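Database features, via Swiss-Prot:
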TRANSMEM  7-27  transmembrane segment
TRANSMEM  38-58  transmembrane segment
TRANSMEM  65-85  transmembrane segment
TRANSMEM  93-113  transmembrane segment
TRANSMEM  135-155  transmembrane segment
TRANSMEM  188-208  transmembrane segment
TRANSMEM  212-232  transmembrane segment
TRANSMEM  248-268  transmembrane segment
Amino acid sequence: MAEVRWIYDLTIFLYAASVLFYFNDFLQSNRKVNRLAFGLLVVVWALQTAFFVSQAVMKGYFPVITLFETLFFYSWVLVGLSLAIHYFFRIDLLVFLPNIIGFVVLVMSMFLPETPIEAVSSILTSELLLTHVTLAMFSYGAFSLSMIFSAMYLLQHKMLKGRRWSPLLRRLPSLDQLEGYAYRMNMLGVPMLLLSIVLGIIWGKMVLGEKFLLDSKVLLSELVLAIYSLWLYQRYRIRCRCADSSQWNVLAFLLLLINFLGFTTSTFHDWW
């Protein structure tokens, strides 16, 4: 780890600079600063990829097992998605906001252990479990973007109701676009989370038996999946497009975060 630690440290430094430049562009709408922020973000993603690959080579498994590894991978997913947003949508605010989350997550990973406990690492590095965690992280990335779209919807809705015209309002996509983007992200996230839970249950029954089924993290994951599935049902069948739907989406993501970071309540996620 020491050999590539400089990559991790440099990544955090450049990521902080990129977020600060994006914040400056958010306040002053400076195109030169925006291009600099985007260039730094590309470098950050490349460094994260290099660090991730080096960890996989050194550890001999796909590094998404410990909380350090999953937070790092989650941050990598968010950076990658924000770059895709820049390419397809060219909406700068949609690049800035996900990377606030991504940077905070990456900084959190600094304070966590980097290597799984040797006694259980052989069990934890099974392909089934690695696929389970990877799908979960990609679904979290999709839900993160969906939450941001819904939060922007609520902000714009409030500004329009209050007739508060500002430069920020002009930089936001329309309400219909924001709602549509949130819907598409949830359409991506729900199947991935479903597959992740199914694979996790299969792995749990093989390794832990029946005792894990009443674990708080398992139950809360199923609740999160049910909430997002119901949200999609209302959006598709009832055509519910309103501020209440966006509020529900934001609250669902908060529950997702509680489930993800509230690892101490779980009886078998103790290796994190």
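Using N, Cα and C of the backbone, Cβ positions are placed for all residues, glycine too.
With a cut-off of 8 Å on Cβ pairs spaced 6 or more residues apart, the transmembrane segment (7-27) and the transmembrane segment (212-232) reach fewer than 3 such pairs and are scored as not touching. Same-chain residues lying 6+ beyond the ends of the transmembrane segment (188-208) with a Cβ under 8 Å from its Cβ atoms: 123, 126, 128-129, 131-133, 135-136, 138-143, 146, 218, 221-222, 224-225, 228-229, 232, 268.
Beyond the transmembrane segment (38-58), the same-chain residues lying 6 or more positions past its ends with a Cβ under 8 Å from any Cβ of the stretch are 1, 3-4, 7-8, 10-11, 14-15, 17-18, 21, 69, 72-73, 75-76, 79-80, 82-83, 86, 95, 99.
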